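Here the structure comes first, spelled out in structure tokens, and everything after it is commentary.
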Amino acid sequence: MAAEPQPSSLSYRTTGSTYLHPLSELLGIPLDQVNFVVCQLVALFAAFWFRIYLRPGTTSSDVRHAVATIFGIYFVIFCFGWYSVHLFVLVLMCYAIMVTASVSNIHRYSFFVAMGYLTICHISRIYIFHYGILTTDFSGPLMIVTQKITTLAFQVHDGLGRRAEDLSAEQHRLAIKVKPSFLEYLSYLLNFMSVIAGPCNNFKDYIAFIEGKHIHMKLLEVNWKRKGFHSLPEPSPTGAVIHKLGITLVSLLLFLTLTKTFPVTCLVDDWFVHKASFPARLCYLYVVMQASKPKYYFAWTLADAVNNAAGFGFSGVDKNGNFCWDLLSNLNIWKIETATSFKMYLENWNIQTATWLKCVCYQRVPWYPTVLTFILSALWHGVYPGYYFTFLTGILVTLAARAVRNNYRHYFLSSRALKAVYDAGTWAVTQLAVSYTVAPFVMLAVEPTISLYKSMYFYLHIISLLIILFLPMKPQAHTQRRPQTLNSINKRKTD
């Protein structure tokens, strides 16, 4: 009896469109990745068209909302097929909460429904679809929508359910005084610029963009007259888009070469685990983790360029008078690669997710904000065991790094030479620490993670624990935190 024919590649294992399968076969790239890139490139051209031909001055806000939503829905269905139903169900459930829930509870209900649904989908990908390796990863858009749903719910709660004097300055600026219409809600969550790869953004900024007030609003915030402009300028995003597309192209080339040469599976092969020396393992781990970055640089920078091409993402004017289009930037590659502290690295990686975590968790929880923020970040990313190894290790490293900095940094500030030595040393330590910490994040499963850490003798865990145990830490109050509000600021001024 003849054996059942096997598919020629894994590229058919997708619920999205198979129209581009010949291109997938030609390039040797999985079909879901081809669909993603093609959708983002089409979105880029659509964004230019959207900005030029559907300008706010000549096109109503409703039309702009509708077009952005229709394109977004089409892209989601093209990439994910029937899996896109999960996205639409979550959006509709949370809009029902937006309409029916009281403003005092709207943020709680939205948060638990969105995070709960996302977690169920994460679990199904692991335990039903076996880590999702042979199926399209539909969780990406769901994660972005979850961020937007919860961000909007908290900002509506701030605007309608809290007193102005109880808000921080940032919460006051972003508070929403009127619940969005159904069209505005759909457009904010499903617009074609960010539905596939993000990033998350604030509802006020998005509505200002749709209504044509986004750039002027940002210029007024930075006081454009003091920047040397005699009339209100009209900055073009074209230069920023070209620059970001250049970064995208370089990232793609690195992904096709470096990432293929140093796959993460190298970290569990026989040579690495049993034969390589410890210094060789340190260096090789760093190289492999560096090689895993270009795909993130590519996806996030391209998503940023798409938003900019549509005219969204203007952040103001820098100190040199240059227009900045980094409001939605998700990373700062230079600061990542030159980071001299764990904190600096994290602040410049997945920036919009860090902003979301700060908005819905860190600034609001009364106890243990760092630990709870790490836990929320892990839950949002998924339920792969590797994520939890990364975030638990990250908590240890963060606390240890804080202790070292507080106890020793001031000794190196007396001269430029000492500061240079300190910066060089902390750069090397930071890069090695990040490589060690994030390796489980890309390995996903328990067995390869334990194998890697055993081969590294759990060195960073041990060092971090020793530092935490034996170096004096700044005393942390375990009583309820009091976030800085407009009321507390005004009270301090009058004291």
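Yeah, the Cβs are placed from backbone N, Cα and C, and that goes for glycine too.
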Which of the listed positions, Ser11, Ser231, Ser488, does Swiss-Prot note as phosphoserine?
Ser488
With the ranges 238-258, 343-363 to choose from, which does Swiss-Prot describe as transmembrane segment?
238-258
With pairs fewer than 6 apart in sequence excluded, do the transmembrane segment (70-90) and the transmembrane segment (180-200) have three or more C-beta pairs that lie under 8 Å?
yes
Pairwise CA distance, Asn350 (active site) versus His381 (active site), rounded so that it is a whole Å:
12
Around Asn350 (active site), how many other C-beta atoms are within 10 angstroms of its C-beta?
19
Specify the secondary structure state of Asn350 (active site) as given by DSSP, simplified to three classes.
coil
Distant-in-sequence neighbours of the transmembrane segment (297-317), which means Cβ under 8 A and at least six residues beyond its ends:
36, 40, 43-44, 47-48, 50-51, 193-194, 196-199, 201, 205-206, 209, 214-215, 218-219, 221-222, 224, 227, 235, 237, 240-241, 244-245, 247-248, 251-252, 254-255, 323-331, 333, 350
Just counting, how many other CB atoms are there within 10 A of the CB of His381 (active site)?
20
